[in-house]
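Engineer: Here it is, the structure in full.
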Amino acid sequence: MLATDSDPIVAIATAAGRGGIGVVRVSFGRGGEAAALPLIDALCGQKLAPRHASYVPFLDAHGAPLDRGIALYFPAPHSYTGEHVLELQGHGGPIVMQLLLQRCLDAGRGFGLRLAEPGEFTRRAFLNDKLDLAQAEAVADLIEASTEAAARSAGRSLDGAFSRQIHALVDDVITLRMLVEATLDFPEEEIDFLEAADARGKLAKIRAQLAHVLGDARQGALLREGLSVVLAGQPNVGKSSLLNALAGAELAIVTPIAGTTRDKVAQTIQVEGIPLHIIDTAGLRETEDEVERIGIARTWSEIERADVVLHLLDSRTGMTADDETIAARFPAGVPVVRVLNKTDLTGVPACVEHPAAEGDLTEVHLSAKRGDGIDMLRAELLRIAGWQAGAEGVYLARERHLIALRAAQEHLAQAANHAEQRAQSLDLFAEELRLAQEQLNAITGEFTSDDLLGVIFSRFCIGK
């Protein structure tokens, strides 16, 4: 534990700016009650009943009111951080909040009260076993949620839904490890612990449950991160019109002049709660215009980073030689949807096709101008993302969670291989189970480095 993890800390816990209510939060750390009671007396001029709202004046150093509001005192361990906590709820003007914050710092100087760092209150909650690491991350995810579905999923993670799944997996792995260790420790016994307890069957069940958890986590990661979708193609094929159609607003300038879009135009839209980060880019062509060439270079950079590329074509011409050249440069591994736009000029009905000669490629015929086929394109993007309609019960997950789950999955797969060669590989079987358990524990913080904690909590807002 870092030395600063026990310092008394204070911060404004509400967003910057003006509001009806502002909150200053103090967590007393090692100071405990000996620090809390004198500060309460100095600020409020009276004792506070624990866990009761008291309407009091907030006093300056001379005993004059700075403000009046609600004071709440939570003795340890029954508080957000698990420490003695004081919350002062006053009027939410920035000057009033700064005066109240400075008054706390001045009154608490004797016991080392300092400004909190970003995420430090939630870090204290984690260190004091009020939250595990997945729940602590869910606090930030709930604050940052950009869709209702993401907010609900973050709430489920904060309530411990994700953590309970991980703890159940860890318990099952530990039980299986005990069987393996027993067989290793008593090789001369007639009892075959692995056979008697159906160790292989237990491992198969753990792997199936892990696959289910990983599937839900992928859905949650989609809700949190969304999908980066790049519109690419030659000039004047309707990329900007498609962006406007997907967004339902006139975001990009649309003209019949080739090269109108010279830099990217980005917009995030929601489809079934999934954030789709749509990026309109400069038309891809050979040009002598230096500004346009810079825009085209940026287009290729965006394509390299994309989750999905929408390759737009003019449905009147179909796939031209120039389009073939563009398609050949698309990075391997990035899904591409071929979008044939302007069907309003050809009379071709909006549809989704899977050309037999094109492998996994999908073609969507649509009219961005009229809106025909836009819903089909949205559905195709969700399909590529792997979103399952009605997956409301998922919990929000982060990339580090997915990495740990995949690593645990690989260790369990290796354990299954060793189980088939029991006589030669029992030690390796046990080791793979241990490594899988370690990966799962890292998700909830049972086994986590201080460096990782620093990165996670530094991304929180101050006062949380």
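Every residue number used here counts from 1 along the chain in the order it is shown.
The backbone N, Cα and C atoms fix where each Cβ goes, glycine too.
For reference, Swiss-Prot lists these features for the protein:
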- Arg25, Glu87, Lys130, Lys464: (6S)-5-formyl-5,6,7,8-tetrahydrofolate binding site (BINDING)
- 226-386: domain 'TrmE-type G' (DOMAIN)
- Asn236, Thr255, Ile257, Thr260: K(+) binding site (BINDING)
- 236-241, 255-261, 280-283: GTP binding site (BINDING)
- Ser240, Thr261: Mg(2+) binding site (BINDING)
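I would like each feature placed in context: is it buried or exposed, what are its neighbours, and how far apart are things?
Structural biologist: Sequence-distant neighbours of Glu87 ((6S)-5-formyl-5,6,7,8-tetrahydrofolate binding site) (same chain, six or more apart, CB under 8 Å from its CB) are Ala13, Val23, Val24, Arg25, Val26, Ala71, Leu72, Phe74, listed in sequence order.
If you draw a 10 Å sphere around the CB of Asn236 (K(+) binding site), it holds 20 other CB atoms from the protein chains shown.
Reduced to three states, the DSSP call for Ser240 (Mg(2+) binding site) is helix.
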Engineer: Name the residues of the same chain, 6+ apart in sequence, whose Cβ is under 8 Å from the Cβ of Lys130 ((6S)-5-formyl-5,6,7,8-tetrahydrofolate binding site)?
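Structural biologist: Non-local contacts for Lys130 ((6S)-5-formyl-5,6,7,8-tetrahydrofolate binding site): Pro77, Tyr80, Thr81, Gly82.
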Engineer: How many Å lie between the Cα of Asn236 (K(+) binding site) and the Cα of Ala282 (GTP binding site)?
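Structural biologist: Counting only the Cα atoms, the answer is 10 Å.
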Engineer: Quick one: give me the count of other CB atoms within 10 A of the CB of Ser240 (Mg(2+) binding site).
Structural biologist: 23
Engineer: Counting across all protein chains shown, how many other Cβ atoms sit within 10 Å of the Cβ of Lys239 (GTP binding site)?
Structural biologist: 31
Engineer: With H, G and I counted as helix, E and B as strand and the rest as coil, say where DSSP puts Arg25 ((6S)-5-formyl-5,6,7,8-tetrahydrofolate binding site).
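Structural biologist: Strand, per DSSP.
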